[in-house]
Amino acid sequence: MGAGPPRRPHRRTAGAAGPGAQRRCGGRPPGRTRIGQPLTAPDTLIRCPWAGPDELYLRYHDTEWGRELHGDDAMFERLCLEAFQSGLSWITILRKRPAFRAAFAGFAIERVAEFGDDDVARLLADSGIVRNRSKIEAAIANARVARDLDIGLDDLLWSFAPEPRPRPRTVADVPATTPESVALAKELKRRGFRFVGPTTAYALMQATGMVDDHLADCWVESDPPDTATAITFRTQVSVHSGDREE
């Protein structure tokens, strides 16, 4: 999920997910790590500087961010969470993710697409999630668009993945947007998706492994470690299947 860091150049928000935003917003990750300085956790592994000391954040960095993700519902979840994160720190979204999954029926596209006014009212009353009407309504609208696509959401999003490139050496080398993220945002808007601009689209690319923006000296490799293979999420049961989960 982007997952994604605070993505507004004028905003300083600590605890965001993703190295690109640390440069863009000028904020610091949790703890006292300076921008661009590799983070060494108690286990002595060198990580991207935004990973911070929070155990939830470290786990996300080590096992999810930048890992290749597939499955229509899994990709829909990340798309929604990136939109909900706008203006907030990513650690806030991570902490609320279990509540988001419960509130949004595991981000099953077919189920969210059927949400109506009663569901909007229920979500606005749910203190476990981000209670923003525009974002909630956008998530439901996006589910309807995804349901009615003439192509799977997974296939659509991954069709904009760029060719592999060398890892960035420093946080300053991580872009805020790319030509591919601009093109993806334009296509999503054309198809009726909401709350997905070029910067959010790039954060989605980072979070789902379309690009690998772990810094060159980060211990995380493109292929997940053995310890990560046991970590599964209900919305990712069909990983690599390309089929929409029911």
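Cβ atoms here come from the backbone N, Cα and C positions, even for glycine.
Because TrEMBL annotations are produced automatically, they should be read as predictions rather than curated entries.
If you check TrEMBL, you get these features:
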REGION    1-38  region 'Disordered'
COMPBIAS  14-24  compositional bias 'Low complexity'
BINDING   CYS48, HIS61, HIS214, CYS218  Zn(2+) binding site
Count of other CB atoms lying within 10 Å of the CB belonging to CYS48 (Zn(2+) binding site):
28
Would you mind checking how many other C-beta atoms are within 10 angstroms of the C-beta on CYS218 (Zn(2+) binding site)?
23
